[in-house]
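First the structure, in the form of structure tokens, and then the observations on it.
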């Protein structure tokens, strides 16, 4: 019998086409970033990278409107702190929901799932008010970090993983040995959750790296995050494409490297999450 | 004594950080938005309570409805083709392929990029002069299109950016759901003489139902909040207007303009809360739409 779902050459052709569409914008970005400004108007555009990246990026560094390096450092700091915090608090809460018994836990878990559907971005006006008039943190990194220290998605992901990856017997055995709950979390649960924590960490980092509306509202132009810096750069110097592209390439490269190293895990995490949710 | 407390009450301590942080930075601002939308306030002076005045102004605010129309159009132009394309790519990836992970990664990679970079690069693709898109449509005899200054073209350009970034992500979500469908369903359907298309309609699509709900709702929530791409696509000064005549200003951009550029925090809050209502309404509508069109 002919296999109905076999992959024909046509399948590979269609996928190749899709992949070309996927990577062309990246490739084009790196070509323009490494060539002189004039090539941007060439038809057809050049296909190979050039040797002018240094010159182009020097103009970014000299640019006083965008504070790009500052933005890059700020984004590394913000994304790292948020990632550590999300992974820690989510694994703690996920463990409690999966492996501990307490009154009202089902209702609390339902609330957490419901929060995943709430577009909290729409609260930025009172949030701005709070940061300016109550915490006096406007223009500072804590204002960008504080609202995102834990997410409902993270708690839910950790809860799902802990339910299946950690046996109740293991927890019981640790209890019999006299472990406190926190000790159980630290020495039994944390090591077992490591793969899921890795995926959650990567996804959180990438999401925070791309965060825009809130940093754009609360930060000043001289202390931006990398996306805000790119936006300012592209607004002020949108005709100097070589300069803007060299900056976007530098801002994209870390993500691509992380993806090249951990893409398999990231994809696995997204697909697993989809089936369970 | 400690161990009793530890077992009974310490779990609350572990879940507390989420509820405290969400309460302060998520729920409270959202509720405050509702309250602030009933006031007139410029951040420093007194808040004066004005009742539903902001909303009655909103109802006849031409710029607000323009933003609603733009956002909805971009959402529609982006989402409909994206769903079909993602479903199609997922069926391809669901076949026994060589180098599975390689294909999956490269289909997904647009999702892994700096958001601002997407808007900048596509902004160059969609230039009126020397833009690659106009070059290609020129080959088939179409006159150059001014993508940034006309309504439909700007919507299409923005929808293209969104689809480039999100089609791969949704493909993987669909693929995951397809792989959860038992293979023997297909085998027995094939024995009954059902072809590929028949199998897709009566096995795959019903099996994807919960996932379709998930994807459509997530796309609705994300689509209505569109902000960064149109802001950067505009370039130059006055970016928050979304084009010289607000051709592609979204509701989130209008909220930002009112609150942070015009310092009308009360009115901005009314825009935010109206946007919240729109998201809820359209999530429910889309849920019903999927429920009607895909049978169990």
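In case you wondered, yes, glycine gets a Cβ from its N, Cα and C as well.
According to TrEMBL, the domain 'ABC transmembrane type-1' annotation covers B:68-286.
Panel annotation: around the transmembrane segment (B:12-31), residues 276 of the same chain, lying at least six beyond its termini, place a Cβ under 8 Å from a Cβ of the stretch. Under the heading transmembrane segment, TrEMBL lists B:12-31 (among others).
Annotation source TrEMBL lists transmembrane segment at B:72-93 (among others). For the transmembrane segment (B:72-93), same-chain residues at least 6 beyond its ends with a Cβ under 8 Å from one of its own Cβ atoms are 100, 103-104, 107, 155-156, 158-159, 162-163, 166-168, 170-175, 178, 200, 204, 208, 215-216, 219-220, 223-224, 226, 230, 248, 250.
Summarising the annotation, TrEMBL assigns transmembrane segment to B:105-126 (among others).
Note on the transmembrane segment (B:207-227): residues 71, 74-75, 78-79, 82-83, 86-87, 158, 162, 166, 170, 173-174, 176-178, 180-181, 250-253, 256, 275, 278-279, 282-283, 286-287, 289-291, 294, 296 of its chain, located 6 or more positions outside it, place their CB under 8 angstroms from a CB of the stretch. As annotated by TrEMBL, transmembrane segment applies to B:207-227 (among others).
Long-range contacts of the transmembrane segment (B:265-290) within its own chain (CB-CB distance under 8 A, at least 6 residues past either end) are made by residues 30, 33-34, 36-43, 47, 50, 54-55, 57-58, 64, 68, 209, 212-213, 216-217, 220-221, 224-225, 251-252, 254-256, 258-259. Feature annotation from TrEMBL assigns transmembrane segment to B:265-290 (among others).
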